[in-house]
Amino acid sequence: MGSSKMESTLEKIDFESDEESPLTLSQSAGAKQSFQFETSSHTSVPKFRTLRKLQFTAFHSVYVVLFKAKINVLLPFGPLAVLMHYMTGRHGWVFFFSLLGITPLAERLGYATEQLACYTGNTVGGLLNATFGNATEMIISIYALKNGMIRVVQQSLLGSILSNMLLVLGCAFFTGGIVHYPKVQRFNQTAAIVSSGLLLMAVMGILFPAVLHFTHTEVHFGKSELALSRFSSCIMLVAYASYLFFQLKSHANLYDSVDEERENDGDEPEEEEAPEITMWEAIAWLTILTLWVSVLSGYLVDAIQGASDSWNMPVSFISVILLPIVGNAAEHASAIMFAMKDKLDITLGVAIGSSTQISMFVIPFCVVVGWIMGQPMDLNFQLFETASLFITVLVVAFMLQEGTSNYFKGLMLILCYLIVAASFFVHIDNKSDDD
């Protein structure tokens, strides 16, 4: 009995002496850096490691953003477009190279936004994706507006809405439907209906100035239409601000994704992808890419008319079809990627959210900016363009009613876009000739 008690006492002493061994003390000193006997050489090591780590993360960030994606092989076409502008003055080539140069930038903007969305959540992430996805269109529009090219602004923004609603959403539904066949993909029906209502309100705001103009029922010819456009734009901006409050604050629970509802019902949640770059790196890249897009946009806008003449192609086709396809590269890539991952709520947030943002924020914003600049930018998009928008919104609203998607719905939307593209290829814009 006494011997066993003595053995346990010895074990206890050994255990305590192990805890207070010099090795343990040095390890804890390295971890906490709080012991007085730590030498200056020990303090310099962590600083060196931190510097090495910062250098590594910087190189890793540059590699991931600028070299990893295959589409980045098009990046050199941006500087080439600038050289062509000053050395040859051939507008067709400058326009073509600017288009190629902006395409990877738009896609990388989308990537950086997705990385930032990893830190913000789905709803705010979708909104950020739509906002920075539309940065290209906004920059191009402001440059064109500054040069007095009002029809280019109107048509490129209209084309962006049509492209997002028909081509981007159609491709996302189509690829998602094939990847997950025969499963029916589902999305938040309430959020889709609210977006459809906002898009119909935007059509209403754009429709009335056009009807007023073509029925010749203005009180003051040429002035009433512009005054109505500016008033409607202010109303649309208020409506969009209210929508943001509704979406992000007062009724945020309505925007819970179908995936989150499945998790709450007891289904196993899918593993979240870890971000490849940090939040501040994502913000830095968004700033750099937006600045470079703004530089290239200036050369792109300057070359539009020359490209139209040299290619014998209508300016309306270039503005409505070609410019938005490039500007929507970010939305296109991310919407398809999320649809393939069965995250249709983010897909809709990108495609329909982007269309809603352009129609309810970017277009009215450009009218107000034109007002400040002294440019007569209005909401009269002409009958042909307004009719295209109206029919597109109706078709998409019907597609979103059920809250489900499949490859056939996607195929129909893509085919509708081909009809719209063909229509603008044979359409002559009389108003641009008058200007």
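Glycine residues also receive a Cβ, built from the backbone N, Cα and C atoms like all the rest.
Quick look at what TrEMBL annotates:
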DOMAIN    93-248  domain 'Sodium/calcium exchanger membrane region'
DOMAIN    282-424  domain 'Sodium/calcium exchanger membrane region'
REGION    1-21  region 'Disordered'
TRANSMEM  62-87  transmembrane segment
TRANSMEM  93-111  transmembrane segment
TRANSMEM  123-145  transmembrane segment
TRANSMEM  157-179  transmembrane segment
TRANSMEM  191-215  transmembrane segment
TRANSMEM  227-246  transmembrane segment
TRANSMEM  282-301  transmembrane segment
TRANSMEM  313-339  transmembrane segment
TRANSMEM  346-373  transmembrane segment
TRANSMEM  379-400  transmembrane segment
TRANSMEM  407-428  transmembrane segment
* **Contact check, the transmembrane segment (93-111) vs the transmembrane segment (313-339), 3+ Cβ pairs under 8 Å, seq sep 6+** => yes
* **Helix, strand and coil residues within the domain 'Sodium/calcium exchanger membrane region' (282-424) as assigned by DSSP** => 120 helix, 2 strand, 21 coil
* Is the transmembrane segment (62-87) close to the transmembrane segment (282-301), in the sense of at least 3 CB pairs under 8 angstroms with a sequence gap of 6 or more? -> yes
* Asked: Against which stretches of its own chain does the transmembrane segment (227-246) lie, if we need a Cβ under 8 Å and a gap of at least six residues from its ends?
  -> 127, 194, 198, 201-202, 205, 208-209, 212, 356-357, 360-361, 363-365, 367-368, 371, 377-380
* Establish whether the number of Cβ pairs under 8 Å between the transmembrane segment (379-400) and the transmembrane segment (62-87) reaches at least three, counting only pairs separated by 6 or more residues. => no
* **Residues of the parent chain within Cβ reach of the transmembrane segment (62-87), under 8 Å, 6 or more residues beyond its termini** => 93-94, 97-98, 100-105, 107-108, 111-112, 276-277, 285, 292, 295-296, 299-300, 302-303
* Structure fact -> For the transmembrane segment (157-179), the candidate among 191-215, 346-373, 407-428 having the most Cβ pairs under 8 Å is 407-428
